[in-house]
Amino acid sequence: MNPNQKIITIGSVSLTIATVCFLMQTAILVTTVTLHFKQYECDSPASNQVMPCEPIIIERNITEIVYLNNTTIEKEICPKVVEYRNWSKPQCQITGFAPFSKDNSIRLSAGGDIWVTREPYVSCDHGKCYQFALGQGTTLDNKHSNDTIHDRIPHRTLLMNELGVPFHLGTRQVCIAWSSSSCHDGKAWLHVCITGDDKNATASFIYDGRLVDSIGSWSQNILRTQESECVCINGTCTVVMTDGSASGRADTRILFIEEGKIVHISPLSGSAQHVEECSCYPRYPGVRCICRDNWKGSNRPVVDINMEDYSIDSSYVCSGLVGDTPRNDDRSSNSNCRNPNNERGNQGVKGWAFDNGDDVWMGRTISKDLRSGYETFKVIGGWSTPNSKSQINRQVIVDSDNRSGYSGIFSVEGKSCINRCFYVELIRGRKQEARVWWTSNSIVVFCGTSGTYGTGSWPDGANINFMPI
(Lines of atoms letter the chains of each structure in order from A and count residues from 1; the text may use other names and numbers.)
(Lines give C-alpha, C1' and ligand atoms only; values in the text may rest on other atoms or scores of the structure.)
Protein backbone atom coordinates (compact mmCIF):
# COMPACT_ATOMS: atom_id res chain seq x y z
CA MET A 1 0.00 0.00 0.00
CA ASN A 2 1.54 3.28 -1.10
CA PRO A 3 1.59 6.36 1.16
CA ASN A 4 -1.39 7.98 -0.54
CA GLN A 5 -3.53 4.88 -0.01
CA LYS A 6 -2.51 4.79 3.67
CA ILE A 7 -3.52 8.41 4.09
CA ILE A 8 -6.91 7.79 2.42
CA THR A 9 -7.53 4.68 4.54
CA ILE A 10 -6.64 6.43 7.82
CA GLY A 11 -8.83 9.39 6.84
CA SER A 12 -11.77 7.15 6.01
CA VAL A 13 -11.49 5.29 9.31
CA SER A 14 -11.22 8.57 11.24
CA LEU A 15 -14.26 10.00 9.44
CA THR A 16 -16.24 6.85 10.20
CA ILE A 17 -15.30 6.98 13.88
CA ALA A 18 -16.17 10.69 14.04
CA THR A 19 -19.55 10.04 12.40
CA VAL A 20 -20.33 7.25 14.87
CA CYS A 21 -19.33 9.49 17.80
CA PHE A 22 -21.52 12.30 16.46
CA LEU A 23 -24.51 9.99 16.11
CA MET A 24 -23.95 8.66 19.65
CA GLN A 25 -23.76 12.18 21.06
CA THR A 26 -26.93 13.14 19.18
CA ALA A 27 -28.75 10.09 20.56
CA ILE A 28 -27.59 10.89 24.11
CA LEU A 29 -28.74 14.50 23.73
CA VAL A 30 -32.17 13.47 22.41
CA THR A 31 -32.58 10.91 25.19
CA THR A 32 -31.60 13.42 27.87
CA VAL A 33 -33.98 16.09 26.59
CA THR A 34 -36.82 13.57 26.27
CA LEU A 35 -36.32 12.29 29.80
CA HIS A 36 -36.16 15.84 31.16
CA PHE A 37 -39.50 16.84 29.67
CA LYS A 38 -41.17 13.53 30.50
CA GLN A 39 -40.11 13.73 34.15
CA TYR A 40 -43.05 15.99 35.05
CA GLU A 41 -45.33 15.13 32.18
CA CYS A 42 -49.01 14.67 33.01
CA ASP A 43 -50.41 11.25 32.20
CA SER A 44 -52.82 11.17 29.29
CA PRO A 45 -56.45 10.95 30.42
CA ALA A 46 -58.08 7.58 29.85
CA SER A 47 -61.77 7.47 29.07
CA ASN A 48 -62.05 11.24 29.60
CA GLN A 49 -60.99 10.95 33.26
CA VAL A 50 -58.54 13.26 35.00
CA MET A 51 -55.51 11.19 36.05
CA PRO A 52 -53.04 11.93 38.86
CA CYS A 53 -50.16 14.14 37.92
CA GLU A 54 -47.04 12.46 39.35
CA PRO A 55 -43.32 12.74 38.55
CA ILE A 56 -41.73 9.76 36.74
CA ILE A 57 -38.87 8.31 38.77
CA ILE A 58 -35.87 7.39 36.60
CA GLU A 59 -33.34 5.05 38.20
CA ARG A 60 -29.90 4.81 36.64
CA ASN A 61 -26.33 4.49 37.77
CA ILE A 62 -25.13 7.69 36.17
CA THR A 63 -23.98 10.70 38.13
CA GLU A 64 -24.57 13.89 36.22
CA ILE A 65 -23.11 17.19 37.35
CA VAL A 66 -24.75 20.19 35.75
CA TYR A 67 -23.35 23.66 36.23
CA LEU A 68 -25.97 26.41 35.88
CA ASN A 69 -25.11 30.04 35.42
CA ASN A 70 -27.99 32.56 35.40
CA THR A 71 -30.38 29.84 34.29
CA THR A 72 -34.08 29.76 35.18
CA ILE A 73 -35.72 26.34 35.29
CA GLU A 74 -39.50 26.37 34.97
CA LYS A 75 -41.27 23.29 36.33
CA GLU A 76 -44.51 22.38 34.61
CA ILE A 77 -47.45 22.87 37.00
CA CYS A 78 -49.90 20.03 36.56
CA PRO A 79 -53.60 20.60 37.29
CA LYS A 80 -54.91 19.29 40.58
CA VAL A 81 -57.02 16.17 40.52
CA VAL A 82 -60.71 17.07 40.84
CA GLU A 83 -62.63 14.46 42.80
CA TYR A 84 -66.04 14.23 44.41
CA ARG A 85 -66.09 14.69 48.16
CA ASN A 86 -66.81 11.60 50.25
CA TRP A 87 -66.49 12.93 53.81
CA SER A 88 -65.07 9.59 55.00
CA LYS A 89 -62.75 11.03 57.65
CA PRO A 90 -63.81 10.79 61.31
CA GLN A 91 -65.44 13.68 63.14
CA CYS A 92 -62.99 15.88 65.04
CA GLN A 93 -63.01 15.48 68.82
CA ILE A 94 -63.60 18.90 70.33
CA THR A 95 -63.73 20.58 73.73
CA GLY A 96 -65.95 23.43 72.58
CA PHE A 97 -66.09 26.20 69.99
CA ALA A 98 -63.78 29.11 69.12
CA PRO A 99 -64.62 32.38 67.30
CA PHE A 100 -64.12 32.22 63.53
CA SER A 101 -65.88 35.07 61.67
CA LYS A 102 -68.24 38.05 62.08
CA ASP A 103 -69.44 40.24 59.21
CA ASN A 104 -70.88 43.29 61.10
CA SER A 105 -73.34 43.95 58.26
CA ILE A 106 -75.78 46.08 60.27
CA ARG A 107 -73.11 48.33 61.80
CA LEU A 108 -71.63 48.86 58.34
CA SER A 109 -75.09 49.66 56.93
CA ALA A 110 -75.15 52.84 59.02
CA GLY A 111 -72.71 54.39 56.58
CA GLY A 112 -72.55 52.14 53.52
CA ASP A 113 -74.57 50.31 50.89
CA ILE A 114 -75.20 46.88 52.40
CA TRP A 115 -77.97 44.48 51.35
CA VAL A 116 -81.00 43.81 53.53
CA THR A 117 -80.95 40.07 54.20
CA ARG A 118 -82.21 37.23 56.32
CA GLU A 119 -81.84 33.42 56.44
CA PRO A 120 -78.02 33.41 56.23
CA TYR A 121 -75.83 30.32 56.16
CA VAL A 122 -72.26 29.19 55.51
CA SER A 123 -70.82 26.48 53.27
CA CYS A 124 -67.31 25.64 52.05
CA ASP A 125 -65.64 24.18 48.99
CA HIS A 126 -62.16 22.61 49.11
CA GLY A 127 -60.37 25.91 49.53
CA LYS A 128 -62.66 28.60 50.92
CA CYS A 129 -65.78 29.15 52.98
CA TYR A 130 -68.62 31.32 51.72
CA GLN A 131 -71.53 33.06 53.36
CA PHE A 132 -74.97 33.02 51.79
CA ALA A 133 -78.17 34.90 52.58
CA LEU A 134 -81.51 35.71 51.01
CA GLY A 135 -81.46 39.35 49.94
CA GLN A 136 -84.55 41.55 49.86
CA GLY A 137 -83.70 43.24 46.57
CA THR A 138 -82.59 46.42 48.33
CA THR A 139 -79.90 47.97 50.48
CA LEU A 140 -80.73 49.09 54.00
CA ASP A 141 -80.48 52.84 53.41
CA ASN A 142 -83.10 52.69 50.67
CA LYS A 143 -86.86 53.31 50.74
CA HIS A 144 -87.39 49.81 49.34
CA SER A 145 -86.20 48.43 52.70
CA ASN A 146 -89.54 49.50 54.21
CA ASP A 147 -91.51 46.45 55.41
CA THR A 148 -88.81 43.88 54.59
CA ILE A 149 -90.06 41.72 57.43
CA HIS A 150 -91.93 39.69 54.79
CA ASP A 151 -90.34 36.35 53.84
CA ARG A 152 -91.55 35.72 50.30
CA ILE A 153 -91.41 38.35 47.56
CA PRO A 154 -90.31 37.93 43.92
CA HIS A 155 -87.35 40.29 44.39
CA ARG A 156 -85.51 38.08 46.88
CA THR A 157 -82.28 36.55 45.58
CA LEU A 158 -79.60 34.25 46.96
CA LEU A 159 -76.42 36.21 47.70
CA MET A 160 -72.93 34.67 47.90
CA ASN A 161 -69.67 36.16 49.18
CA GLU A 162 -66.48 34.89 50.74
CA LEU A 163 -66.99 34.39 54.45
CA GLY A 164 -66.43 37.65 56.31
CA VAL A 165 -67.25 39.87 53.33
CA PRO A 166 -70.54 41.76 53.93
CA PHE A 167 -73.10 41.75 51.16
CA HIS A 168 -72.10 44.98 49.38
CA LEU A 169 -73.39 46.28 46.03
CA GLY A 170 -70.90 44.14 44.12
CA THR A 171 -72.20 40.93 45.65
CA ARG A 172 -73.13 38.14 43.28
CA GLN A 173 -76.83 37.25 43.06
CA VAL A 174 -76.70 33.51 42.47
CA CYS A 175 -80.38 32.93 41.73
CA ILE A 176 -83.93 34.10 42.46
CA ALA A 177 -84.98 32.64 45.80
CA TRP A 178 -86.93 33.16 48.99
CA SER A 179 -85.80 29.75 50.27
CA SER A 180 -82.51 28.05 49.44
CA SER A 181 -79.72 25.57 50.10
CA SER A 182 -76.20 25.29 48.64
CA CYS A 183 -73.37 22.75 48.70
CA HIS A 184 -70.16 21.87 46.82
CA ASP A 185 -69.73 18.29 45.61
CA GLY A 186 -65.97 18.61 45.11
CA LYS A 187 -66.27 19.74 41.50
CA ALA A 188 -68.86 22.53 41.46
CA TRP A 189 -71.52 24.34 43.47
CA LEU A 190 -75.12 23.18 43.60
CA HIS A 191 -77.75 25.79 44.50
CA VAL A 192 -81.36 24.90 45.29
CA CYS A 193 -83.44 28.04 44.81
CA ILE A 194 -87.18 28.32 45.51
CA THR A 195 -89.33 31.23 44.35
CA GLY A 196 -92.80 31.95 43.00
CA ASP A 197 -96.37 31.87 44.27
CA ASP A 198 -97.04 30.43 47.72
CA LYS A 199 -99.45 27.91 46.19
CA ASN A 200 -97.31 27.04 43.16
CA ALA A 201 -93.64 27.76 43.77
CA THR A 202 -90.71 26.44 41.71
CA ALA A 203 -87.43 24.98 42.94
CA SER A 204 -84.58 25.50 40.47
CA PHE A 205 -81.46 23.33 40.64
CA ILE A 206 -78.41 25.26 39.47
CA TYR A 207 -75.13 23.36 39.08
CA ASP A 208 -71.83 24.89 38.01
CA GLY A 209 -73.61 28.10 37.08
CA ARG A 210 -76.21 26.43 34.86
CA LEU A 211 -79.87 25.60 35.38
CA VAL A 212 -80.05 21.80 35.16
CA ASP A 213 -83.40 20.76 36.66
CA SER A 214 -86.51 22.04 38.43
CA ILE A 215 -89.50 20.81 40.39
CA GLY A 216 -92.82 22.44 41.19
CA SER A 217 -94.80 22.59 44.41
CA TRP A 218 -96.31 19.20 45.29
CA SER A 219 -98.71 20.32 48.04
CA GLN A 220 -99.43 23.89 46.92
CA ASN A 221 -98.52 25.32 50.31
CA ILE A 222 -95.15 27.15 50.39
CA LEU A 223 -92.55 24.72 49.05
CA ARG A 224 -89.46 25.35 51.18
CA THR A 225 -86.03 23.93 51.99
CA GLN A 226 -83.22 24.02 54.53
CA GLU A 227 -81.84 27.60 54.68
CA SER A 228 -78.42 26.01 55.27
CA GLU A 229 -75.98 23.81 53.38
CA CYS A 230 -76.97 20.57 51.69
CA VAL A 231 -74.48 17.65 51.68
CA CYS A 232 -72.81 15.76 48.81
CA ILE A 233 -71.16 12.33 49.08
CA ASN A 234 -69.42 10.71 46.09
CA GLY A 235 -71.18 12.96 43.61
CA THR A 236 -74.70 12.62 45.01
CA CYS A 237 -76.13 15.59 46.89
CA THR A 238 -79.16 15.43 49.16
CA VAL A 239 -81.51 18.16 50.32
CA VAL A 240 -84.62 18.08 52.54
CA MET A 241 -87.68 19.92 51.23
CA THR A 242 -91.14 20.43 52.74
CA ASP A 243 -94.44 21.52 51.25
CA GLY A 244 -97.56 21.90 53.37
CA SER A 245 -98.81 23.36 56.61
CA ALA A 246 -96.38 25.11 58.95
CA SER A 247 -98.56 24.20 61.92
CA GLY A 248 -99.99 20.84 60.89
CA ARG A 249 -99.27 17.82 58.73
CA ALA A 250 -96.94 18.57 55.82
CA ASP A 251 -95.31 16.57 53.02
CA THR A 252 -91.54 16.34 53.49
CA ARG A 253 -89.42 14.75 50.77
CA ILE A 254 -85.70 14.09 50.50
CA LEU A 255 -84.24 14.77 47.06
CA PHE A 256 -81.09 13.21 45.64
CA ILE A 257 -79.27 15.22 42.98
CA GLU A 258 -76.30 14.41 40.74
CA GLU A 259 -74.64 17.36 39.00
CA GLY A 260 -77.89 19.30 39.26
CA LYS A 261 -80.19 16.53 38.03
CA ILE A 262 -82.79 15.01 40.36
CA VAL A 263 -82.15 11.24 40.35
CA HIS A 264 -84.43 10.11 43.18
CA ILE A 265 -87.02 11.43 45.64
CA SER A 266 -87.75 9.66 48.94
CA PRO A 267 -90.67 10.43 51.25
CA LEU A 268 -90.02 11.11 54.93
CA SER A 269 -90.40 7.98 57.05
CA GLY A 270 -89.87 7.24 60.73
CA SER A 271 -91.41 8.85 63.80
CA ALA A 272 -90.82 12.56 63.09
CA GLN A 273 -94.18 14.35 62.86
CA HIS A 274 -93.16 17.66 61.32
CA VAL A 275 -89.87 18.52 59.62
CA GLU A 276 -88.58 21.75 58.11
CA GLU A 277 -85.45 23.96 57.97
CA CYS A 278 -83.05 21.05 58.52
CA SER A 279 -79.38 21.56 59.42
CA CYS A 280 -77.55 18.66 57.76
CA TYR A 281 -74.04 17.25 58.09
CA PRO A 282 -72.12 14.33 56.55
CA ARG A 283 -71.98 11.20 58.73
CA TYR A 284 -70.27 8.84 56.29
CA PRO A 285 -71.57 6.91 54.48
CA GLY A 286 -74.82 8.75 55.15
CA VAL A 287 -76.14 12.20 55.97
CA ARG A 288 -77.78 13.29 59.23
CA CYS A 289 -80.06 16.30 59.72
CA ILE A 290 -81.37 18.11 62.81
CA CYS A 291 -84.56 19.95 61.99
CA ARG A 292 -87.43 22.09 63.25
CA ASP A 293 -90.79 20.65 64.33
CA ASN A 294 -93.13 23.61 63.97
CA TRP A 295 -96.23 21.64 64.96
CA LYS A 296 -95.91 19.35 67.98
CA GLY A 297 -92.43 19.34 69.47
CA SER A 298 -89.85 21.65 71.00
CA ASN A 299 -87.45 18.72 70.86
CA ARG A 300 -85.72 18.62 67.48
CA PRO A 301 -86.40 15.96 64.82
CA VAL A 302 -83.54 13.86 63.45
CA VAL A 303 -83.55 12.70 59.82
CA ASP A 304 -81.08 9.97 58.79
CA ILE A 305 -80.46 9.67 55.05
CA ASN A 306 -78.94 6.55 53.47
CA MET A 307 -77.06 7.75 50.41
CA GLU A 308 -76.67 4.25 48.95
CA ASP A 309 -80.26 2.96 48.86
CA TYR A 310 -82.12 6.29 49.37
CA SER A 311 -83.86 5.01 52.51
CA ILE A 312 -84.92 7.46 55.24
CA ASP A 313 -85.43 7.16 58.98
CA SER A 314 -86.41 9.82 61.50
CA SER A 315 -86.69 10.29 65.25
CA TYR A 316 -86.01 13.05 67.81
CA VAL A 317 -82.92 14.19 69.73
CA CYS A 318 -82.91 12.33 73.07
CA SER A 319 -81.65 15.24 75.18
CA GLY A 320 -84.17 16.47 77.74
CA LEU A 321 -82.53 19.88 77.36
CA VAL A 322 -84.42 20.63 74.17
CA GLY A 323 -83.20 22.90 71.40
CA ASP A 324 -86.18 24.76 69.95
CA THR A 325 -87.70 28.13 70.91
CA PRO A 326 -90.23 28.51 72.47
CA ARG A 327 -89.81 25.64 74.96
CA ASN A 328 -90.46 24.71 78.58
CA ASP A 329 -87.86 25.51 81.21
CA ASP A 330 -85.15 22.86 81.55
CA ARG A 331 -86.63 21.35 84.71
CA SER A 332 -89.89 20.45 83.01
CA SER A 333 -88.80 19.79 79.40
CA ASN A 334 -88.67 16.23 78.08
CA SER A 335 -87.70 14.06 75.12
CA ASN A 336 -88.05 10.29 74.67
CA CYS A 337 -85.96 10.02 71.45
CA ARG A 338 -88.88 8.81 69.32
CA ASN A 339 -91.77 11.27 69.46
CA PRO A 340 -92.47 15.00 69.66
CA ASN A 341 -92.76 16.12 73.28
CA ASN A 342 -95.95 18.18 72.75
CA GLU A 343 -94.39 21.02 74.77
CA ARG A 344 -94.92 24.44 73.16
CA GLY A 345 -94.43 22.76 69.81
CA ASN A 346 -96.25 25.34 67.73
CA GLN A 347 -93.80 27.86 66.21
CA GLY A 348 -90.05 27.40 66.46
CA VAL A 349 -86.71 28.49 65.06
CA LYS A 350 -84.09 26.90 62.82
CA GLY A 351 -81.29 25.31 64.86
CA TRP A 352 -78.68 22.57 64.94
CA ALA A 353 -77.06 19.78 66.94
CA PHE A 354 -74.69 16.92 66.16
CA ASP A 355 -73.96 13.55 67.70
CA ASN A 356 -70.68 12.74 69.46
CA GLY A 357 -70.85 9.08 70.39
CA ASP A 358 -73.61 8.78 72.98
CA ASP A 359 -73.46 12.53 73.63
CA VAL A 360 -74.77 15.50 71.70
CA TRP A 361 -73.41 18.99 71.05
CA MET A 362 -76.13 21.57 70.54
CA GLY A 363 -76.88 25.28 70.34
CA ARG A 364 -80.03 27.21 71.24
CA THR A 365 -81.32 30.63 72.27
CA ILE A 366 -80.74 31.45 75.94
CA SER A 367 -84.31 32.69 76.26
CA LYS A 368 -86.89 29.90 76.33
CA ASP A 369 -89.51 32.26 74.90
CA LEU A 370 -87.78 34.63 72.48
CA ARG A 371 -85.00 34.66 69.90
CA SER A 372 -82.61 36.28 72.38
CA GLY A 373 -79.13 35.24 73.43
CA TYR A 374 -77.34 32.12 72.23
CA GLU A 375 -75.53 29.29 74.01
CA THR A 376 -73.84 26.00 73.18
CA PHE A 377 -73.13 22.98 75.35
CA LYS A 378 -72.66 19.21 75.38
CA VAL A 379 -75.28 16.89 76.88
CA ILE A 380 -73.87 13.64 78.28
CA GLY A 381 -75.95 10.78 76.89
CA GLY A 382 -77.94 13.31 74.89
CA TRP A 383 -77.85 11.19 71.75
CA SER A 384 -78.71 7.80 73.23
CA THR A 385 -80.46 8.23 76.59
CA PRO A 386 -84.06 9.51 76.77
CA ASN A 387 -84.48 12.78 78.67
CA SER A 388 -80.78 13.12 79.52
CA LYS A 389 -79.99 16.50 81.11
CA SER A 390 -76.35 16.42 82.24
CA GLN A 391 -74.82 19.53 80.64
CA ILE A 392 -71.08 20.31 80.33
CA ASN A 393 -68.84 22.76 78.44
CA ARG A 394 -71.46 25.52 78.20
CA GLN A 395 -70.47 28.65 76.28
CA VAL A 396 -72.29 31.95 75.77
CA ILE A 397 -72.09 33.11 72.16
CA VAL A 398 -74.55 36.01 72.43
CA ASP A 399 -75.62 37.32 75.85
CA SER A 400 -79.29 37.18 76.79
CA ASP A 401 -79.77 40.96 76.43
CA ASN A 402 -79.14 40.80 72.67
CA ARG A 403 -81.12 39.34 69.80
CA SER A 404 -80.25 36.17 67.91
CA GLY A 405 -82.24 34.25 65.29
CA TYR A 406 -81.74 31.24 63.05
CA SER A 407 -78.64 29.09 63.45
CA GLY A 408 -77.22 26.20 61.48
CA ILE A 409 -74.30 23.86 60.99
CA PHE A 410 -71.64 23.50 58.32
CA SER A 411 -68.76 21.05 58.02
CA VAL A 412 -65.10 21.68 57.18
CA GLU A 413 -62.76 18.87 56.13
CA GLY A 414 -59.30 19.03 57.70
CA LYS A 415 -56.21 16.90 57.14
CA SER A 416 -57.28 14.15 59.52
CA CYS A 417 -60.89 14.83 60.56
CA ILE A 418 -64.11 16.69 59.79
CA ASN A 419 -64.80 19.72 61.96
CA ARG A 420 -68.26 21.02 62.79
CA CYS A 421 -68.92 24.75 62.73
CA PHE A 422 -72.05 26.83 63.23
CA TYR A 423 -73.37 30.30 62.48
CA VAL A 424 -75.88 32.44 64.36
CA GLU A 425 -78.16 34.93 62.63
CA LEU A 426 -78.25 38.23 64.53
CA ILE A 427 -81.59 39.80 63.56
CA ARG A 428 -82.17 43.55 63.88
CA GLY A 429 -85.07 45.88 63.09
CA ARG A 430 -88.76 45.04 63.08
CA LYS A 431 -90.80 43.75 64.85
CA GLN A 432 -88.96 44.28 68.13
CA GLU A 433 -87.18 47.50 67.11
CA ALA A 434 -90.05 49.59 65.75
CA ARG A 435 -87.97 52.78 65.33
CA VAL A 436 -86.93 51.48 61.89
CA TRP A 437 -89.01 50.05 59.04
CA TRP A 438 -86.60 47.33 57.92
CA THR A 439 -85.62 43.86 59.14
CA SER A 440 -82.12 42.53 58.44
CA ASN A 441 -79.25 40.62 60.03
CA SER A 442 -75.54 40.10 60.50
CA ILE A 443 -73.86 36.80 61.44
CA VAL A 444 -71.29 35.40 63.82
CA VAL A 445 -69.50 32.10 63.16
CA PHE A 446 -67.75 29.65 65.50
CA CYS A 447 -65.91 26.37 64.81
CA GLY A 448 -65.07 23.35 66.92
CA THR A 449 -61.72 23.35 68.72
CA SER A 450 -59.71 20.76 70.62
CA GLY A 451 -57.89 23.53 72.45
CA THR A 452 -58.81 25.83 75.30
CA TYR A 453 -60.95 28.95 74.98
CA GLY A 454 -62.17 31.94 76.94
CA THR A 455 -65.48 33.73 77.36
CA GLY A 456 -67.31 36.62 75.73
CA SER A 457 -70.39 37.74 73.85
CA TRP A 458 -70.59 38.56 70.15
CA PRO A 459 -73.91 40.37 69.45
CA ASP A 460 -74.71 42.33 66.31
CA GLY A 461 -73.59 45.51 68.06
CA ALA A 462 -75.34 48.18 65.98
CA ASN A 463 -76.85 51.14 67.82
CA ILE A 464 -80.36 51.29 66.38
CA ASN A 465 -80.43 55.08 66.88
CA PHE A 466 -77.54 55.45 64.43
CA MET A 467 -79.33 53.48 61.73
CA PRO A 468 -81.32 54.76 58.73
CA ILE A 469 -85.05 54.49 59.32
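Just so it is clear, glycine is given a Cβ too, placed from its N, Cα and C backbone atoms.
Look at Swiss-Prot and you will find ASP151 tagged as active site, proton donor/acceptor, backed by sequence analysis. Feature annotation from Swiss-Prot assigns active site, nucleophile to TYR406; the stated evidence is sequence analysis. Feature annotation from Swiss-Prot assigns Ca(2+) binding site to ASP293, GLY297, ASP324. What Swiss-Prot records for CYS92-CYS417, CYS124-CYS129, CYS183-CYS230, CYS232-CYS237, CYS278-CYS291, CYS280-CYS289, CYS318-CYS337, CYS421-CYS447 is disulfide bond. Residues annotated as N-linked glycosylation site in Swiss-Prot: ASN61, ASN69, ASN70, ASN86, ASN146, ASN200, ASN234, ASN402. According to Swiss-Prot, the region 'Involved in apical transport and lipid raft association' annotation covers 11-33. Annotation source Swiss-Prot lists region 'Head of neuraminidase' at 91-469. The region 'Disordered' annotation in Swiss-Prot covers 324-350. Residues annotated as topological domain 'Intravirion' in Swiss-Prot, with sequence analysis given as evidence: 1-6. Taken from Swiss-Prot, the feature transmembrane segment covers 7-29.
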Sparsest Cβ surroundings (other CB atoms within 10 Å) among the disulfide-bonded residues CYS280, CYS447: CYS447
Candidate with the highest Cβ count within 10 Å, taken from the glycosylation sites ASN86, ASN200: ASN86
Residues close to Ca(2+) site centre defined by ASP293, GLY297, ASP324, Cβ within 8 Å: HIS274, ARG292, ASN294, TRP295, LYS296, SER298, ASN299, ARG300, PRO301, TYR316, VAL322, PRO340, ASN341, GLY345, GLY348
Between CYS291 (disulfide bond) and ASP324 (Ca(2+) binding site): CA-CA distance (Å): 9
List of residues, in chain order, with Cβ under 8 A from that of CYS417 (disulfide bond) and at least 6 apart: LYS89, PRO90, GLN91, CYS92, GLN93
Beyond the flanks of the region 'Disordered' (324-350) by 6 or more, those residues with Cβ under 8 Å of it: 227-228, 247, 271-274, 277, 279, 292-301, 315-318, 364-365, 367-371, 384, 386-387, 389, 405-408
For CYS337 (disulfide bond), the three-state class that DSSP assigns: coil
Fewest Cβ neighbours within 10 Å, where candidates are the recorded positions CYS289, CYS291, ASP293: ASP293
Cα distance (Å, whole number) from the residue listed as 'active site, nucleophile' to ASN146 (N-linked glycosylation site): 22
